[in-house]
Ligand code: GDP
Ligand code: IMO
Ligand code: MG
């Protein structure tokens with residue numbers, strides 16, 4: 001298939017290349033020889049070769065697989081956006097595969113200007129990178145345009161640089177209203193959603209009365225389909241107001257959106273698979289995290305999509321065998337927004353201290369995040385599910401100044417028995433007693449350290465103990481929010 005057969009001009013441009021190519025470390029025909037299982041680097045090996053790694057950070061980033069991913073390994077807000085922004089110049093495409101504007105990914109440009117992204121992939125600040133919003137994501141079109149307008153008014157060109165899947169589901173204002181009504185109904189057991197309409201939109205998708213981006217190309221039937229959705233909500237919720245004039249207004253509004261969205265719409269399944277054939281590099285950006293996964297998270301206190309590895313294939317339409325390195329992003333401690341179990345949570349002054357030091361307030365909702373110690377039981381579970389090839393330990397700088405740091409290493413059940421794995425049953429989880437390991441802290445500010453060997457000994461010990469406990473090497477260490485505040489280990 002030649003480059004010119006790619007239907008979309010932006011896709012063709014990406015396939016034609018932006019000067020980025022597979023590194024020589026990735027031989028031609030690599031795709032055909034992808035190992036069935038990702039190579040697992042034991043922690044001991046990683047520690048022994050730390051010095052070599054530090055020297056070859058560039059090579060290591062270049063050697064990331066043709067299709068790589070950055071996924072959250074806790075309850076979200078680990079700092080996924082920052083790593084994606086840092087790695088994006090080495091990739092042709094950055095793609096979101098699930099979730100919607102419930103995500104809030106904070107990134108900074110070279111001048112230190114802050115951007116909070118929700119649906120637009122975090123590769124957008126790099127001119128040569130094509131951004132793709134895949135079929136597994138849910139799109140609130142007015143919110144999407146609001147985000148684009150915000151980026152454009154800050155000098156970030158979006159035109160021709162973002163593709164939205166024609167198969168992605170449309171998230172309407174009505175889904176957001178229903179999200180609020182559902183939460184109100186739950187009273188004391190509310191989930192604490194972002195109220196962005198995520199659950200109701202994925203419900204429409206699964207119920208099979210949802211509308212997709214491609215429906216915007218059939219405005220003659222759009223109103224009838226939307227009517228079904230409105231009626232569904234009105235019949236379910238007393239507080240849901242609906243009238244024919246509302247439908248008419250919404251259809252008129254969407255006619256205008258349809259026109260504006262048209263240049264962004266593409267068959268992204270085709271685009272991505274063609275790009276893979278053309279040896280282009282794709283970085284998948286996860287939203288949320290495995291502990292919020294609809295299947296693997298602390299159900300029902302989860303989101304409604306699959307933020308773990310499986311969501312990459314279903315959310316982009318690419319085959320499992322093309323997916324290579326997956327980097328798990330993990331905060332040096334833990335945070336969670338919304339309700340649900342959080343075994344290592346800290347309350348009172350201790351929790352406040354972490355929240356303040358880490359500026360733990362939601363990017364999407366501004367809500368204070370609950371904070372606690374790193375939970376290795378949950379992290380190991382995430383590593384099992386996703387098969388991470390490496391970890392990005394973020395916000396290590398936030399732990400500076402603590403006399404000691406605790407790490408949750410195992411759970412005991414109420415009867416004192418040690419649990420073998422992260423429990424699926426919430427009743428069990430809510431009653432676990434966490435066993436902690438206490439590690440020494442460090443007092444100096446590490447936010448300007450850029451080389452692993454210059455970190456205080458106690459900080460290196462903390463990193464290496466995590467590697468040992470989890471069995472996955474830490475290749476990236478965040479010591480501040482800025483692009484450059486990253487140590488390659
Ligand atoms: P995401 O949703 O996983 O992309 O993470 P968020 O952007 O919601 O939250 C992470 C927050 O921590 C943002 O405010 C980032 O700017 C900030 N951040 C990311 N990495 C680091 C780090 O290593 N140190 C510090 N101090 N802040 C960081
Ligand atoms: P990023 O991508 C942190 C949480 C909500 C709530 C639960 C369900 O920035 O890491 P939803 O609106 O999805 O139905 O809410 O999931 N949640 C997040 N928490 N970071 C996120 O995204 C989140 N997206 C959803 O707080 O507990
Ligand atoms: Mg976030």
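We count from 1, first residue shown onward.
Using N, Cα and C of the backbone, Cβ positions are placed for all residues, glycine too.
Automatic, uncurated: that is what TrEMBL annotation is.
Keep in mind the model is a prediction, meaning the values are calculated, not measured.
Marked as active site, proton acceptor by TrEMBL: 77. DSSP classifies residue 77 (active site, proton acceptor) as coil under the three-state reduction.
In the three-state DSSP reading, residue 105 (active site, proton donor) counts as strand. Sequence annotations record features per position, and here TrEMBL assigns active site, proton donor to 105.
Here TrEMBL flags 205 as active site. DSSP classifies residue 205 (active site) as helix under the three-state reduction. Residues near residue 205 (active site) in space but far in sequence (CB under 8 A, at least 6 apart, same chain), listed by position: 138, 169.
Among the features that TrEMBL reports, GTP binding site is placed at 76-82, 104-106, 369, 395-397, 478-480. Listed in sequence order, 80, 81, 82, 84, 116, 117, 118, 122, 285, 287, 363 are the same-chain residues six or more apart from residue 105 (active site, proton donor) with CB atoms under 8 A from its CB.
The Cβ of residue 79 (GTP binding site) lies under 8 Å from the Cβ of 329, 331, 392, 394, 395, 478, each on the same chain and at least six residues away in sequence. Positions annotated as IMP binding site by TrEMBL: 77, 78, 79, 80, 102, 103, 104, 105, 194, 208, 288, 303, 367.
The Cβ neighbour count for residue 77 (active site, proton acceptor), using a 10 Å radius and every protein chain shown, is 28. Per TrEMBL, Mg(2+) binding site is recorded for 77, 104.
Residue 365 (substrate binding site) counts 16 other C-beta atoms within 10 Å of its own C-beta, drawing on all protein chains shown. The substrate binding site annotation in TrEMBL covers 363, 364, 365, 366, 367, 368, 369.
Summary: among the binding-site residues (102, 288, 363), the fewest other C-beta atoms within 10 A of the C-beta are counted at 363. Each of 104, 337, 361, 362 belongs to the same chain as 363, 364, 365, 366, 367, 368, 369, is absent from that list, and has a C-beta within 8 angstroms of the C-beta centroid marking the substrate site. Checked against residue 396 (GTP binding site) by C-alpha proximity, the recorded positions 77, 102, 365, 366, 369 yield 77 as the nearest.
One residue stands out among the binding-site residues 82, 367, 369 for having the most other Cβ atoms within 10 Å of its Cβ: 82. Checking the binding-site residues 82, 104, 106, 366, 369 for a CB within less than 6 Å of any atom of ligand 3 leaves 104, listed in sequence order. Residues near residue 364 (substrate binding site) in space but far in sequence (CB under 8 A, at least 6 apart, same chain), listed by position: 101, 102, 103, 104, 116, 118, 194, 196. For residue 368 (substrate binding site), the same-chain residues that are 6 or more apart in sequence and have a Cβ closer than 8 Å to its Cβ are 355, 360, 361, 362.
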